[in-house]
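In TrEMBL this protein carries:
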DOMAIN    1-289  domain 'Major facilitator superfamily (MFS) profile'
TRANSMEM  6-29  transmembrane segment
TRANSMEM  41-65  transmembrane segment
TRANSMEM  71-90  transmembrane segment
TRANSMEM  111-131  transmembrane segment
TRANSMEM  143-169  transmembrane segment
TRANSMEM  181-199  transmembrane segment
TRANSMEM  205-227  transmembrane segment
TRANSMEM  239-261  transmembrane segment
TRANSMEM  267-286  transmembrane segment
Amino acid sequence: MDFYTLFVSRVLGGISAALMTTSIIGIIGDISDEKNRDKNFGTFSAITSLGFIIGPGIGALFSSIHIRLPYFIAMVIGMIMLVINLKLSIPHIKNEDVPKNKNFKIKFKDLKLYLLPSIIIFLLAFGLAAIEELYPLYLVDKAAFTSINIAAAIIGGSLLGAFTQYFLYPKISKYLSELSIITISSMYSIVILFSLLFLNSVISLILISWIIFIGFDIIRPTITVYLSKLVQNKQGLAGSINSTFTSLGTLIAPIIAGYFYSQNINAPVYLAMISIVLSILTLFIFPKK
């Protein structure tokens, strides 16, 4: 397998993942009423996070048998998903307040409404990717982390993040609005990232790794719920906006962060903090309605 074949396969895999994520978000938005929307999106985010925890471990296990075996396992899982989805009956909750619009059009007024969540999604995805993609390397360069140390840091943080999304987020959403949750979680992330700059021991870095991404873990389902409520009967559009701007931020951030990382090891942390500050400022500058 040459580089270009691998490159094309990764592009196809990315397109497939984006299509599925968009559809899943749209389906969850369609079948959720106002009472269960927060819980459903929180559960979706938690399950997704759990998959990212289990997947690499299983992939590493099978790759030790044969380097291509994880691809065949993924193919089998994809076929099982296809069969399940073909037989799956999706219930729709009828919303009397939202008239059906067969001629789908996006007005300029609607674009202004979607501008705020689009910018927030991009900035936060950029900030998360800037630190997350280089985080294992950052830990190695800063405190000479071993593979076991990295596993303890990443798995612990991922498990706590999944727990937060499933149990904590639905409770928080009962008392605070989506934009308030995003603001508070963003401020939390800035404080934790700032603290990261002053830690150097292995133990302290492992412990902060468990809580460093909790703010992002709460923001992820929150912005999805906010966007889902905003678009009303255009749930597919909500999924598309979410996936597009998340992918855009995730694509650009590692390139920029990687360039500056070679000059300053803390550059990804600074970039993440700057993007979060910009997202908070955006919440106050742009109209919410």
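Placed from the backbone N, Cα and C atoms, the Cβ positions cover glycine too.
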* Asked: Residues sitting near the transmembrane segment (267-286): Cβ under 8 Å, six or more positions beyond its termini, same chain?
  -> 115-116, 119-120, 123-124, 126-128, 130-131, 134-135, 138, 179, 182-183, 186-187, 189-190, 193-194, 196-197, 253, 256-257, 260-261
* When counting Cβ pairs under 8 Å to the transmembrane segment (205-227), the leader among 6-29, 71-90, 111-131, 143-169, 239-261 -> 143-169
* **For the transmembrane segment (71-90), sequence-distant contacts whose Cβ falls under 8 Å of one of its Cβ atoms, 6 or more beyond its ends** => 27, 30-31, 58-59, 62
* Is the number of Cβ-Cβ pairs under 8 Å between the transmembrane segment (239-261) and the transmembrane segment (6-29) three or more, considering only pairs separated by 6 or more positions? -> yes
* Would you kindly list the residues that approach the transmembrane segment (181-199) from elsewhere in its chain, counting only those six or more residues past its ends and only Cβ-Cβ distances under 8 Å? => 120, 124, 127, 131, 172-173, 205, 208, 211-212, 214-216, 218-219, 222-223, 226, 266, 269, 272-273, 276-277, 279-280, 283
* To do: Determine the mean pLDDT over the domain 'Major facilitator superfamily (MFS) profile' (1-289), rounding to the nearest whole number.
  => 82
